[in-house]
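Asks: What follows is a single structure, and I will ask about it in a moment.
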Amino acid sequence: MEVALAVGAEASRVSRRILQKIWDPEPINDRDSNEPVWCLGRSYKLAPETPSPVTTATSPVDGAIDAAPAPIATPGTTNRQAIDTPPDSLASSFDSSLAYDNRNQDSGWPPAFLDDFGSRIWMTYRTGFEPIPRSTDPKAASALSFTMRLKTSFGDQTGFSSDTGWGCMIRSGQSLLANALLISQLGRDWRRTTDPGAERNIVALFADDARAPYSLQNFVKHGAIACGKHPGEWFGPSATARCIQALADQHESSLRIYSTGDLPDVYEDSFLATARPDGETFHPTLILVCTRLGIDKINPVYEEALISTLQMEQSIGIAGGRPSSSHYFVGVQRQWLFYLDPHHPRPALQYRENPLNYTLEELDSCHTRRLRYLHVEDMDPSMLIGFLIQDEDDWDMWKSAVKHVQGKSIINVSRHDPARGMGGARAEAIDEVETLSDDDDVDTVLEQ
């Protein structure tokens, strides 16, 4: 019975991939709407602020799609799903870079927004790296999804030379960390269009090799030691946050990590102990907030607050938040969130002793200007939200911003940590309800 279900799921997955190959819409901006679009706290105007004639044109957030025959519908109508990416992130499973070509030159989006979006580091599935040995733990096989067990049964029995089908949350977490490092070291105004090679030292940290501090291999290694995650097993937001914190503590002198564990509570005394360990010098600090904003979908009372996180100056984006898979969300317009999709396999990013030896082609594989977006109502409720606090002023601004969001707040800031020195809540709690990887086309979406 289980085999029959898997075969049926695979057939369904293949047919949907074929459909998406043909139908791969990209959002077009309504030049008359003058709605701002945001990328990690930066706002870009969509049109000059001049009076516009009365028009019935639908805005991009209302679903205008390039060359798409589907009917245009406004958010909240029954046709909204028809103009978004098909269910289960069909585009996310393609072993093709064609889905991320740069077709948005005439899509109406502000060039400055596209330059910003295209300068965000994008970590994806990689193939052909030295195999990560399979765990010898008897529980490891049962921890894998059924689809992954099926794949490994017909593949290399000794290890994983690709993270396709299980590494999407790790890649989303890598993207979040990489962009925090990028902004803290090169500044928020850095763009690939002006200095495309400046990021080499940062990209080198994420090569698919154990010698790279933030490699997939090191995420998997720490996940096995500290989080009970075996190679080939899907990570959740909490496990990903713990790996980021542990690896950064080992290797990073320029960036501190403050993680909230499995609760959305930030404590000022604990944060300042991390950011200002000597009581004087403030170090750039990445805040990682693991949260779950509903059962199987986001509770509407949290939508405005979630959207506002991407509009804050300190935003580093959101990892997770896509049913049956994980994406890296970096932008927003109204209720539509723009994301980078890690589910596009690329050849392994090689380790280079001298980062200057990375070619522009290798750097290009870590970026895209191809836009995709998702309505906030369609997001999975489990996610990892990142904020970069670079100094005291940033800290004060961020505290005020999270306090005065519209709707119900998703982050709580308190002066004192009641659990400080006493141990905190179990960090693995959120991971015990992780979302299934998008290669598991089962209707059950309870994990994360």
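Just so it is clear, glycine is given a Cβ too, placed from its N, Cα and C backbone atoms.
Sharing the feature lines straight out of Swiss-Prot:
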- Cys168: active site, nucleophile (ACT_SITE)
- Asp341: active site (ACT_SITE)
- His343: active site (ACT_SITE)
- 69-78: compositional bias 'Low complexity' (COMPBIAS)
- 69-90: region 'Disordered' (REGION)
Asks: DSSP secondary structure for His343 (active site), reduced to helix/strand/coil, please.
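Replies: In three-state terms, His343 (active site) counts as coil.
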Asks: Select one residue from Cys168, Asp341, His343: among these active-site residues, choose the one with the most other Cβ atoms within 10 Å of its Cβ.
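Replies: The residue with the most neighbouring Cβ atoms within 10 Å is Cys168.
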Asks: Roughly how many angstrom lie between the C-alpha atoms of Asp341 (active site) and Cys168 (active site, nucleophile)?
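Replies: About 9 Å separate the Cα atoms of these two residues.
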